[in-house]
Amino acid sequence: MNSNGMTPYQAPEAAGSSDLTANEVPSEQPKVFGIIHIVYSVLGGLKSLAFLGVYFAMGALMGQMKEGLKEEGIDFEVFKQIWDIMGRWMLIEGVVCLVLGIILFIAGIGLLKRKMWGRNLSIVWAASRIVLLIASLVVMLPHQNELQELSQQMNGQEVSGMGGMQQSMGNLPSIIMVLAYPVVTLIFMFGSTMKNALRKG
């Protein structure tokens, strides 16, 4: 209202702009990622249990495998040394993945409730999952190559120096699959749309 007691003219667009901002619908990103987090964590938990199952099953079958490997002319002690390292890592990775699955499940609930801590837990999970994958590659790949050579010996094949490269290439699709969701999660969690949606929630 001016000094003459009259309200100044306001264009319809200008008058409605503040209402539009105030009534802006928050993004559905938190809800979408919350649901995916929960589903992914359940599937990841089942995979972790499978890892642990393989570890304990191999331990139980080790005695039976000893005779079979000897008949094939394979040094059982060499096989056992390789398996001891790989088996221990499978146990560690299985337990860690179970813990990360719980973290992701809780993060999913947080995102469904539009809580900022859901985003923070998502970032922790994604970064930890990437670090775990790198550690797994460092520990497992050399021993997978050794097992590949033993397998070639068992089948009467000539051991080739390309086995390691072939093994690495064979692992590439699974590596991409494991990396995909953590990387996508980090990209969206650091995006302004996600942060704004959680602040408005």
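Each Cβ is built from the backbone N, Cα and C atoms, and glycine gets one as well.
Where the annotation comes from TrEMBL, it is an automatic prediction and has not been curated.
For reference, TrEMBL has these:
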type: REGION; residues: 1-21; note: region 'Disordered'
type: TRANSMEM; residues: 38-58; note: transmembrane segment
type: TRANSMEM; residues: 89-111; note: transmembrane segment
type: TRANSMEM; residues: 123-141; note: transmembrane segment
type: TRANSMEM; residues: 172-191; note: transmembrane segment
Under 8 Å for C-beta pairs, could you tell me which stretch among 89-111, 123-141, 172-191 has the largest tally with the transmembrane segment (38-58)? 89-111
Which sequence positions outside the transmembrane segment (89-111), separated from its termini by at least 6 residues, show Cβ-Cβ distances below 8 Å to it? 30-31, 33-38, 40-42, 44-45, 47-49, 51-52, 54-55, 117-119, 121-122, 124-125, 128-129, 132, 136, 139-140, 198
Taking a Cβ cut-off under 8 Å, which residues six or more beyond the ends of the transmembrane segment (172-191) line up next to it in the same chain? 29, 33, 36, 40, 119, 122-123, 125-127, 129-130, 133, 137
